[in-house]
Amino acid sequence: MEDFVRQCFNPMIVELAEKAMKEYGEDLKIETNKFAAICTHLEVCFMYSDFHFINEQGESIVVELDDPNALLKHRFEIIEGRDRTMAWTVVNSICNTTGAEKPKFLPDLYDYKENRFIEIGVTRREVHIYYLEKANKIKSENTHIHIFSFTGEEMATKADYTLDEESRARIKTRLFTIRQEMANRGLWDSFRQSERGEETIEERFEITGTMRRLADQSLPPNFSCLENFRAYVDGFEPNGCIEGKLSQMSKEVNARIEPFLKTTPRPIRLPDGPPCFQRSKFLLMDALKLSIEDPSHEGEGIPLYDAIKCMRTFFGWKEPYIVKPHEKGINPNYLLSWKQVLAELQDIENEEKIPRTKNMKKTSQLKWALGENMAPEKVDFDNCRDISDLKQYDSDEPELRSLSSWIQNEFNKACELTDSIWIELDEIGEDVAPIEYIASMRRNYFTAEVSHCRATEYIMKGVYINTALLNASCAAMDDFQLIPMISKCRTKEGRRKTNLYGFIIKGRSHLRNDTDVVNFVSMEFSLTDPRLEPHKWEKYCVLEIGDMILRSAIGQMSRPMFLYVRTNGTSKIKMKWGMEMRRCLLQSLQQIESMIEAESSVKEKDMTKEFFENKSETWPIGESPKGVEEGSIGKVCRTLLAKSVFNSLYASPQLEGFSAESRKLLLVVQALRDNLEPGTFDLGGLYEAIEECLINDPWVLLNASWFNSFLTHALR
């Protein structure tokens, strides 16, 4: 049979059939009859389409190939024979441009004259039996069915045969010829008997015995046996009256489906109140680094040694004083804590040998800042059962905060390029197995786009701080250990660089459970004057600690250097995720990869190189009040990375809730944009669920603001 197929059919058809069988994991050496059936079906689809065009008046005409007018528009779009991804891309494109309803199964053709999809069937059995099987499977009035048999019979939806008699006769003649050729070689009987109907796996799969009894017991209420339930499900029209279907499902459900129109959605209400404040565990755009290039000092790589070396590069220290107090804290204690750090670092330098770690003296200011002896005594619940007025602490509702412009500025800054390289190529992971060439190429292109990005600096900074803090929490549980906040990078010229952002002092850390909290005081250098945006620094006490000489094109200038001090806390589980912030690189790489895949499936070739090297093309980055923002592919990479990094830095229950609930509204809006006529019930409840997550988190408030911009432009 295989030899016959290769002789009888056009090589292009044979190649397409081979691809189709390979895609479904079938062996054409074994399933030879199926191979012949696929080739026959492909040929009929192509013959159905051949010579049929639409002229300028919109009339269907038949034109032979050597006719000079063959540049007219083809009447039929051929979907059969394409790989699945490409076929669905074509179907979606047709639906978007013509407004046709999207079919559930891939059809074979689209008729531009009649504006309908066509399912072609070629059967070795009775045409009416095969027609019913097809109709039962498709269950759609919008797909036209046309069945041909090898005996010259045909059947079509509503007896509408689409083509002229001569074109159909050509198909029937070809099928009859194939049958005769097969019969001459003794292949016809086997081929005729091998045809299976359009049954599904469930219809062939008989459930018996224990599994059958379990199936009968597991049915929803009001169904006596599996057959009844199957019949109900088979007859369940997805596009029917949803209210009726819901009431059929349960007596308790009483939902009224409202059509979702362009005028239906309203903007998400953002809370009023004082502006939101910075709540990340370390400074982002406002951080200042004291750096050493090409470090080669004794003990290089030991954090404390590196920190002291970095501190020595700055000569503008002065007597510190408070410029922005913390409203609720004992501010002199923060000032004394910094003075203590300076004094104890000086003590270390006076020693003969610098120690690897430094435990701070447990002074009153550090005990206060780290909450030592502040936790209420824990009492076993069983010992309290008899206390009549036993109750939980009264906890205040969190104060609502409004969106502030600083968080958008932080995000914009995270997307920018720095003049340093923050990840080496192997940060994403060496190839363990012989990975395909394309994957490595994509990774290298992506790394080149993000290695200088400020968001990548935040990743490396977060990984270092969380790793150091978790190590110290386990190794020195009772000590107030001094932990330098360090990062490492390379200059554009490739020189190594060690950076010091400030210090952390860790409190007592007997962390038994994942959520047990370790307190710490962070002290971070900055050139940002806190008086410019005092609301951003609500949780901080800010000191002025020195003057820094900055060199620029216009000469030297002196700027005050500040120290941002605050009490903070974290847990084992938060530190564990902080240590894994490199995952953000992987997540954003996968998002870029899905964009490349979509482009490649349309062009039917790998588009990685073009995607990254075509600098003139712009891509959508996000929504703003001005509309859809666009940028280069590098900007897209950095924006996606920054979003992933901020999701990690500002992780919170508010973000989890907002992401989950707003996604539902997003899907409905996208369905409306795709002309799918969505319906909703209890839309007010969905808005309530979204808005109860908008409390005081700056990143969530910014995302809600972006969502409102998206709604405005999506529904124009």
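Using the three backbone atoms N, Cα and C, a Cβ is placed for every residue, glycine included.
What you are looking at is a predicted structure, and each value in this text was computed from that prediction instead of being measured.
The feature Mn(2+) 1 binding site is assigned by Swiss-Prot to His41, Asp108, Glu119, Ile120. Classification of Asp108 (Mn(2+) 1 binding site) by DSSP places it in coil, neither helical nor stranded.
Taken from Swiss-Prot, the feature Mn(2+) 2 binding site covers Glu80, Asp108. Take the CB of Asp108 (Mn(2+) 1 binding site) and look out to 10 A: across all protein chains shown you find 23 other CB atoms.
What Swiss-Prot lists as motif 'Nuclear localization signal 1 (NLS1)' is 124-139, and the listing cites similarity to another entry. Along the motif 'Nuclear localization signal 1 (NLS1)' (124-139), the predicted structure has mean pLDDT 82.
Taken from Swiss-Prot, the feature motif 'Nuclear localization signal 2 (NLS2)' covers 184-247, and the record attributes it to similarity to another entry.
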For Mn(2+) 1, what surrounds His41, Asp108, Glu119, Ile120 with a Cβ no more than 8 Å from their Cβ centroid?
Val44, Cys45, Glu80, Pro107, Leu109, Ile118, Gly121, Val122, His146
State the three-class DSSP label for His41 (Mn(2+) 1 binding site), counting H, G and I as helix, E and B as strand, and everything else as coil.
helix
Pairwise Cα distance for Glu119 (Mn(2+) 1 binding site)/Glu80 (Mn(2+) 2 binding site) [Å, integer]:
9
DSSP-derived class (H/G/I helix, E/B strand, else coil) of Ile120 (Mn(2+) 1 binding site):
strand
Distance, Glu80 (Mn(2+) 2 binding site) to His41 (Mn(2+) 1 binding site) (CA atoms, angstrom):
9
Rounded to an integer, what is the Cα-Cα distance in Å between Asp108 (Mn(2+) 1 binding site) and Glu80 (Mn(2+) 2 binding site)?
5
